[in-house]
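S.K.: Let me give you the structure first, and then I'll get to my questions.
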Amino acid sequence: MSALGVSVALLVWVAVLLLVSIWRQVHSSWNLPPGPFPLPIIGNLFQLELKNIPKSFTRLAQRFGPVFTLYVGSRRVVVVHGYKAVREVLLDHKDEFSGRGDIPAFHAHRDRGIIFNNGPTWKDIRRFSLTTLRNYGMGKQGNESRIQREAHFLLEALRKTQGQPFDPTFLIGCAPCNVIADILFRKHFDYNDEKFLRLMYLFNENFQLLSTPWLQLYNNFPSLLHYLPGSHRKVMKNVAEIKEYVSERVKEHLQSLDPNCPRDLTDCLLVEMEKEKHSAERLYTMDGITVTVADLFFAGTETTSTTLRYGLLILMKYPEIEEKLHEEIDRVIGPSRIPAIKDRQEMPYMDAVVHEIQRFITLVPSNLPHEATRDTIFRGYIIPKGTVIVPTLDSVLYDNQEFPDPEKFKPEHFLDESGKFKYSDYFKPFSAGKRVCAGEGLARMELFLLLSAILQHFNLKPLVDPKDIDISPVNIGFGCIPPRFKLCVIPRS
């Protein structure tokens, strides 16, 4: 080896030692949770399986314990695994860990709205939005009638399939999308409306793309990948198109606004903006309102739609469960009356199935990232302000002590020995604490009423033998994505 080669090798070696020394000093000075040693630039990327990051978290938790530290690039991440640790983060330290971790794919919504907002306005905007949603019937009788009305449209659309195979992705999605559209815009779309179908396509495509390995990479190395071609560009383009549509609706609402008679949530937000017109510090702006409404539109459509669709696939896999549901529906509701939320008390098996669907699919397995709002002592460790916190929901929903055989779909997980519904505090698909899903009450009502209505009127018929149906997700990242499938719905006599 030449003298120059030896010199370069020594310089590289010294640089590596220096980086290791700096990392150890920083790590020890903060008394962070344990974790694997990070490499320069990429951090612990090689410890993560990009096609199934939750699986990687489980493996690392077995090695380092329920609270451990990772570095993804230069970003410090503390992963919290298991019921006790997750509960402590979300509830016992709800203020300290209430920030929103950065999601670069949604930078168009950063520091605005209620989902991706990590700015000073999110608490006030979220509080007002939740209050307004409750006033418009979120989780109460007002939304029950909304969902029941939409169930009629859904059932009619299903009848029009005439027992022929169809892909349920968008037909099923029309119902929850129309429910949230009514709350936001006081608008009902026809199931064949091209703009309506386009919006649902954008919602669905983004949810799928966010769960791909490329988006996992992009969200952790945005500065390196931003200018490269890739699906992150498609996500951002879709976000911009959705935002443009919502912006047009908000402008239309402003032009016809009557402050004394708000028609929907968008009007209520605009009324607050008008009140602040002469204020030096404004909480509500046109752009902020647009992002808030877009957040609710996306979340209120895609999560419930995907859960319902995944639920239908699971029920076709287990026809004996579907048959038990038919029997309970016939006994409690009968063939004619539309299902009501009061029926849930008399339908423990349906209630258990709805809960088990949500537990089993673990729609957002690693939660949305939180962030430490200040230096915090947690379980004897010091978590610095700005640290990304990942409370893994799948580790709670798949706890094998609370849910024996968690990898199996078993409604009995939510039934006691007498067949009555049994609630579990481990049931946290909507997260908990300051960042709990704003639409939890609405989603729970939609899932029960819409699934009950479908099974009241139809038998589900798969195109293959139930034993051959694969209910494994095709991607596990931001969400758990079900496989595409077709089915037939056969009217019950």
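Cβ atoms here come from the backbone N, Cα and C positions, even for glycine.
Pasting the relevant annotations from Swiss-Prot:
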type: BINDING; residues: PHE298, ALA299, GLY300, THR301, GLU302, THR303; note: substrate binding site
type: BINDING; residues: CYS437; note: heme binding site
S.K.: Cα of CYS437 (heme binding site) to Cα of THR303 (substrate binding site): how many Å, rounded?
M.R.: 11
S.K.: Have a look around THR303 (substrate binding site) and count the other CB atoms within 10 A of its CB, chains all included.
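M.R.: The answer is 23 other Cβ atoms.
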S.K.: Including all protein chains shown, what's the count of other C-beta atoms within 10 A of the C-beta of GLU302 (substrate binding site)?
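M.R.: Around the Cβ of GLU302 (substrate binding site), 23 other Cβ atoms lie within 10 Å.
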S.K.: Once the chains shown are all counted, how many other Cβ atoms turn up within 10 Å of the Cβ of the residue listed as 'heme binding site'?
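M.R.: Looking across every protein chain shown, the total is 18.
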S.K.: Other than PHE298, ALA299, GLY300, THR301, GLU302, THR303, which residues of the chain come within 8 Å of the substrate site, judged by Cβ distance to the Cβ centroid of those residues?
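M.R.: Near the substrate site, the remaining chain residues are PRO176, ILE180, PHE203, LEU296, PHE297, THR304, SER305, GLY439.
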